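J.: Pasting the relevant annotations from TrEMBL:
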| type | residues | note |
| --- | --- | --- |
| REGION | 1-28 | region 'Disordered' |
| TRANSMEM | 39-67 | transmembrane segment |
| TRANSMEM | 79-105 | transmembrane segment |
| TRANSMEM | 167-187 | transmembrane segment |
| TRANSMEM | 193-218 | transmembrane segment |
| TRANSMEM | 272-295 | transmembrane segment |
| TRANSMEM | 321-347 | transmembrane segment |
| TRANSMEM | 367-386 | transmembrane segment |
| TRANSMEM | 392-413 | transmembrane segment |
| TRANSMEM | 425-448 | transmembrane segment |
| TRANSMEM | 454-475 | transmembrane segment |
Amino acid sequence: MGEESLRKRKGGDTGEEDGESIQSQEPQTMNLQKEAKPFLFPFPSLCVGLISGICMIVGTIIGSGIFVSPKSVLANVGAVGPCLTTWAACGILATLGALCFAELGTMITKSGGEYPYLMEAFGPIPAFLFSWTSLIVTKPSSFAIICLSFAEYASAPFYPGCNPPQVVIKCLAAAAIVIITLVNSLSVKLGSYLQNFLTVAKMIIVTIIVVSGIVLLAQGKTENFKDSFKDSTISVSSIGLAFYNGLWAYDGWNQLNYITEELKNPYRNLPLSIIIGIPLVTVCYVLINISYFTVMTSTELLQSQAVAVTFGDRVLYPASWIVPLFVVFSTIGSANGTCFTAGRLVYVAGREGHMLKVLSYISIKRLTPAPAIIFYGAIAIIYIIPGDINTLINYFSFAVWIFYGLTVLALIVMRFTRKELQRPIRVPIVIPVIVMLVSVLLVLAPIISAPELAYLYCVLFILSGLIIYVLFVHFKFDWAQKISEPITMHLQMLLEVVPAEEVTE
């Protein structure tokens, strides 16, 4: 069955949506999107509104980070006071960065996160390097970190008093990746509904921990906060690494920019979701860390295998099983949100010709970017094999903040080079300047103070994308096309996918 026959089946197999066929809705959708979007985004009318947008931000950010990173942040700064200050500062930085992305997202209403913004400001090469790095390193490693954290918490109750075997953790993490990949490949709405449910579940455990901490503080459990800046180990390197781990817990603040084309009324809901969602997460994170320190000293927290589980054992016994259960929900929710949005980046890069064309194809039955999501899940499983969480976080943060800074620079550049673009949201220029300067410090601080070859390897890998771009995107050698075409055809028949339809201008 070839591509043409799959195209013919598309209209009949997609099913009904709110009593009307997808085909009958298509002309109206095309008219609405013709001015702002060069492609008809082919996923179902998900219409992510304000509540779902907030759930996407909160649900993606609050995941494994707050249950893994407290140890790493504390280990780098050495005391309770600098630790809490770092968590609050990371939240402020994430909010400022998200406001910059809100201006970009309402100015260039295309999905794919940083990719279309870099393309518009600097051209195809920086955009390709971003997609190359994101699809091979940052996004899959993020997915792997979250699922490894899930596996640690899911297996911890079965191995009391000792660390779970690595083979168990990695097998559980791989199983989680497979399940989440399948869910998001089968249905856009199922992935969205699962995200909303898991967001509610994680807010339950956040509320339990925060309320427990407030009660303990009211009872006078404040001894761990005395001389809170004593014995701190503050240096450029330690602050940089502490921010890496703290910002990892906030990663996801830009997730709505990956699904801009699926947002309902993005000019209103994108900034509102950010303004409500990220400060809410910041308050929760600071209160959760305060709760941890009400029952654990700095030394005890650093020695804990699973910080939230230790907190539950000391505060909620005999109902301590609630904590690992809901932490599992939380990490799965974060992994699901990451998968949901990252698949859109693969799709957008594929439709621009910067990745294999089959990655931009859409399932004719499910209307999901199934090849992109499956590719993303497969790469994430590879990262699980040698996966050490703290190492992955450091190199992930180093790479991702290079492109965060470059994207915010794109916003500044387009203020002068693309004045004709409409900006429904316009942030004061000082905000992107601050975010860009902080991103430069975050990238340079670990290299200057504690240089490691791994950072050099990371930069070399990013630059190696130039070779791929020249060979396969710029010149498009015939031999590469001859190899990729039969692979694309067979994958198209196997997965029953077709190219997305373009909107005729």
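Using N, Cα and C of the backbone, Cβ positions are placed for all residues, glycine too.
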J.: Out of 79-105, 193-218, 272-295, 425-448, 454-475, which stretch touches the transmembrane segment (321-347) the most, going by CB pairs under 8 Å?
T.: 193-218
J.: Count, for each of 79-105, 167-187, 454-475, the Cβ pairs lying under 8 Å from the transmembrane segment (272-295), and report the range with the highest count.
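T.: Ranked by Cβ pairs under 8 Å, first place goes to 79-105.
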J.: Can you see whether the transmembrane segment (454-475) and the transmembrane segment (392-413) are touching - at least 3 CB pairs under 8 angstroms, only pairs 6 or more apart in sequence?
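T.: They are in contact.
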J.: Between the stretches 193-218, 367-386, 392-413, 425-448, which one has more Cβ pairs under 8 Å with the transmembrane segment (167-187) than any other?
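T.: Stretch with the highest Cβ contact count: 367-386.
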J.: Take the transmembrane segment (425-448) and find every residue of the same chain, 6 or more past its ends, with a Cβ under 8 Å from one of its Cβ atoms.
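T.: Here the qualifying positions are 93, 96-97, 99-100, 102-103, 106-107, 236-237, 239-241, 243-244, 247, 267, 270-271, 394, 397-398, 401-402, 404-405, 408-409, 411-412, 415, 455.
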